[in-house]
C-alpha cells in the first residue's frame, strides 16, 4: 500500500460518484496520508466550472490527519500543448495533471500526439501526464520519457487503465515504465478513482513496475514527503500543515 494517491474524481465531475468527505473517510480507513482531488478540466462536457478550481482555496489542508492536495486533470487541447487550466486556476492549485481526452483532443497520429504531449510538458505548467499508455493515442514513448525527465514531469501509471477503461494499455504502460527508468525520470501512480472505494488501489500498477524492475526511489507515491519535495522543486510553496505527514 502506498500512502499517496494522485488521481481521483468527485461528484463535481458528474460521471464520478463520491464526495470529498467520502474520500477522506476512505483515506482514514485505508491509511492513505495524502491525496489529490483532480476533477476534469472545464473543457470536458461534464466537468466543473473554472470557479470550482479557484475556490478550492477554502478547503482545509488537513482533516483528521489526512492531507488534501488541490488539483486538476486538465485537458491537452492542441499540438501547442495548451491546457484548459490557466491564470487564476493555475495559481490556486497544487497539482496539475494533464492528458488526452477524446471530447477535447481527438486521437491523431503518433507524431502529432507526441508533439502535443511534449509541448504540454515543456510549458512548465504540468506536473504529471495522465495515462500516457492509452493505446488510442500512440506516442513515441522513448521521446516522451526523455522529455519528462528533462522537464521534471512525472508520467502516470494509471491503475484504472487495466480494469475499467483504456483496455489494451498493458504493453504501452510497461514500455512507459521501462523508458522512464532508463531516462531517470519519475512515475506517479494514480488510482483514477471515480468512486472512493478504489482510492489507493495500485495492484495492477505494482505488477507493471515489478515486471520492469522499476526503482522504488523514482516513484512519487512512496511517501508524502517525497511527493511534496517534488512539487516544491517545481515551484509549489511549502505547505506548513503537511510538515508532519
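Positions of Cβ are set from backbone N, Cα and C atoms, glycine also.
Binding of Zn(2+) 1 is attributed by Swiss-Prot to 7, 9, 73, and within the candidate set 182, 192, 210 the record adds 192 to that site. Going through 49, 50, 131 against Swiss-Prot, the one listed in the Zn(2+) 3 site together with 73, 101 turns out to be 131. Matching 15, 108, 127 to the Zn(2+) 2 binding residues that Swiss-Prot gives (40, 194) identifies 15. Taking the mean position of the Cβ atoms of 7, 9, 73, 192 as the Zn(2+) 1 site, the remaining residues of that chain whose Cβ falls within 8 Å of it are 8, 38, 39, 40, 97, 130, 160, 190, 191, 193, 194. Under DSSP, residue 7 (Zn(2+) 1 binding site) is assigned to coil, being neither helix nor strand in the three-state scheme. Surrounding the centroid of the Cβ atoms of 15, 40, 194, where the record places Zn(2+) 2, the chain contributes additional residues within 8 Å, namely 9, 13, 14, 16, 39, 46. Ranking the binding-site residues 15, 40, 101, 131, 194 by the distance of their Cα atoms from the Cα of residue 9 (Zn(2+) 1 binding site) places 194 first. Taking the mean position of the Cβ atoms of 73, 101, 131 as the Zn(2+) 3 site, the remaining same-chain residues with a Cβ inside 8 Å of that point are 40, 75, 97, 98, 99, 100, 130, 192. Most other Cβ atoms within 10 A: among the binding-site residues 9, 131, that distinction falls to 131.
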